[in-house]
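Peer 1: Sharing a structure here in structure tokens format.
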Amino acid sequence: MFVRALSLRDFRSWDALGLNLRPGCTVFVGPNGHGKTNVLEALGYLSTLSSHRVSSDAPLIRTGTAQAFAGATVVNTGRELTVDLELNEGKSNRARINQSPTRRPREILGILQTVLFAPEDLSLVRGDPGDRRRYLDELLTSRIPRMAAVRADYERVLRQRSALLKTAGGALRRSSRGGGRPSEDGASALATLEVWDGHLAAHGAQLLAGRLHLVHDLAPHLAESYQSLAPESRPASIRYRSSLGSSLPPEFTAPARAPEAGDIAFLEERFLQELSVMRSKEIERGVCLVGPHRDDLELHLGDTPAKGFASHGESWSFALSLRLAGFALLRADGSDPVLMLDDVFAELDRKRRRALAKVALDAEQVLITAAVPEDVPEELDAVRFGVEARDTDRGRISHILEETEDRRDG
């Protein structure tokens, strides 16, 4: 898979960009803050419908405009598709495939598969569980695009159930102070809660089963990737930690356990069981304490948790290994994703640079950003684009300066 053409309009610092790309290695070179990363961010957004830098779409729309546009023509095993996405301030985003509008933007998921490694990825090791859940879900929907709908349904039900818990909790607190029965609203919320328990368990079981299957497939690639980057270090491993607690047998979340046909039904049953156990605590606190939104991906070096104990170099290697494992998994599924490396070579020592360059050389297409050409390993033959931002009366605008080809002897 490779991106043949990229178009941007009013995306971040780019007022207009039309870029033809090719398989192999392409490097965007320029000072920090001049718009290089915005190019990779746009492609990442077309791939995942989210940014690796911000949690909302507003910063992606260039200041002073109300709409941003990103489009890419993707070639995969000889088949060419063009995906377009409009980001609209205060309105729903719109997407097209080969100029035909889609009902929902998520219908473009799976057309462009990317794996992006950026400095922000250190949060995969050192950050909150939400960073690791997002990593899993983006990789999961890249492999199985229909899981985006499952995740959206789960989040919709979660919001509704959380609102009911707050209503029920507030009503019970007021009635206990007054020595009377729960209000009509509180009683209605309690009666409705059981219905939403069923919806939450149904969608949550599908999402949880998908994540567990993913971790099973991902684990050997992670161990291999980390070994190639840090052969002298302790072995790296991952394990899914579920909020279902004692309702779920420990062996069920073991990465070595192969998924089975009855997993979703089993998980739904255990989900409902744990919701029943936690009902009073959830009402008291007014939040949903059970479900995939409370889970984590545990990272270990040997028997030690990576978070809080790994050195800076080990943390970098683990974060990079998670991305490279995702790349290897998508490749094993049958198609090379586009590999994108955002200003990462400067952060790595010589050994890790060589290991990463080896993967990049083997990818069908790799897009790299660097502040200076010397940050890119010599063994990478690259097409290079210079990038510069200029101050104008319409704000700071990024431009492509020139295209050059580097053919250094490695």
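Placement of Cβ uses the backbone N, Cα and C atoms for every residue, glycine included.
Relevant sequence annotations retrieved from Swiss-Prot are reproduced here:
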| type | residues | note |
| --- | --- | --- |
| BINDING | GLY30, PRO31, ASN32, GLY33, HIS34, GLY35, LYS36, THR37 | ATP binding site |
Peer 1: Out of GLY30, PRO31, GLY33, GLY35, give me whichever of these binding-site residues has the highest number of other Cβ atoms within 10 Å.
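Peer 2: Answer returned by the neighbour count: GLY35.
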Peer 1: My understanding is the cutoff is Cβ-Cβ under 8 Å with a sequence separation of 6 or more in the same chain; which residues meet that for HIS34 (ATP binding site)?
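Peer 2: The list for HIS34 (ATP binding site) reads SER13, VAL387, GLU388, ALA389, SER398, given in order along the sequence.
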Peer 1: Across all chains shown, how many C-beta atoms besides its own are within 10 angstroms of the C-beta of LYS36 (ATP binding site)?
Peer 2: 28
Peer 1: Applying the rule Cβ within 8 Å of the centroid of the Cβ atoms of GLY30, PRO31, ASN32, GLY33, HIS34, GLY35, LYS36, THR37, what extra residues of the same chain belong around the ATP site?
Peer 2: THR369, ALA371, VAL387, ALA389, SER398
Peer 1: Let me know the DSSP-derived helix, strand or coil state of GLY30 (ATP binding site), please.
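Peer 2: Note: GLY30 (ATP binding site) is coil by DSSP, not helix or strand.
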Peer 1: Could you tell me which of these binding-site residues, ASN32, THR37, has the fewest other Cβ atoms within 10 Å of its Cβ?
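Peer 2: Per-residue Cβ counts within 10 Å for the binding-site residues ASN32, THR37 bottom out at ASN32.
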